[in-house]
Amino acid sequence: MANNNTTAADGASSSSLQQVNDMIIVVQVMNAIFIYIICLLIFTFFKKDTFLSNTRYIFFAHTLLADCLYLIMTNNLLLLTYFSVTMPAAVCVSFCVLLCELTFVTPLTLTAMSLERYVAICMPLRHGELSTVRRAIHCILLIHSISAIQPIIIVSIFFASVPLGFYTQYKLCSADMFIAHKWQRHLRSVIGQFYFLVMSITIVFTYVRIIAVAKESSDNKKSLSKCRKTVILHAIQLFLCLIQLWCPFIEAAILPIHLKMYNVRFFDYIVFILAPRCLCPLVYGLRDEKFFLAIKCYVFFGVNKNISPILVYFNERLCYICLCV
């Protein structure tokens, strides 16, 4: 009887380990695909001067860079945890501070993009004055400053709560390491929900106004339909980005049901971290006509370069036309 119980336990353990291995492989494949797409879009942005001087595309490139760094860092943290690799607590603190800041950079930048579109459509006479490269850079600096507020507060409280010897210890790096008391978790959640509320109100207001103005002034039903579809996709992506702030509440509600922790964490990572970073290139890259033409130009030229001289000539002409538009 004891041998049967041992065999069953070993089988369950082996099954769980295989499930984790499969999840790790899936995440690595998804990460590789998303990072490749993001790098292609970043390459396209820097190859065309028109994009470099347009505020909307500057914000878009900023989200791409932030998402790329975020995906790389979260994936590294996932692998370190999976292989039980420890690091000095001081290094983990620096790592998590940057990661926490990047968590807010993308939704805040998307909020800024919403405001830029609001100004362009609802205040067209002031758009040229407000939408400049210099103001875009200042806005990006402001975004990083606002994003750093939460990690600075959390880390400052953490510094006051633990002895200096803690920072020389080797730990498995995790954001939960900074929670020395229960009220610190509540404080982090309150700050995150405040960000969620402000960004949600801003985004809803801007897009309601944009759609209202588009209905009044646009006679092109096809253009209006495309605008609505883009707004819907954009809203989904923003919702996923912002709902990431609810992950601690979701985990706290689900874990008492005795679900396995790694299942919950992998679900959160795929749905609330990987998925929004996939939708960002889809909404702003592939659905933007100029950006899509430029991407298609570079992709087709790279694919066909070794196939046919005629296709090479055609794609060279296409690239020239795209870059001159």
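Every residue gets a Cβ built from N, Cα and C, even glycine.
Look at TrEMBL and you will find 23-46, 58-82, 88-115, 136-160, 190-210, 231-254, 266-286 tagged as transmembrane segment. The domain 'G-protein coupled receptors family 1 profile' annotation in TrEMBL covers 37-284.
Touching of the transmembrane segment (23-46) and the transmembrane segment (266-286) is concluded from the presence of at least three CB pairs under 8 A, sequence neighbours closer than 6 excluded. For the domain 'G-protein coupled receptors family 1 profile' (37-284), the model's pLDDT averages out at 81.
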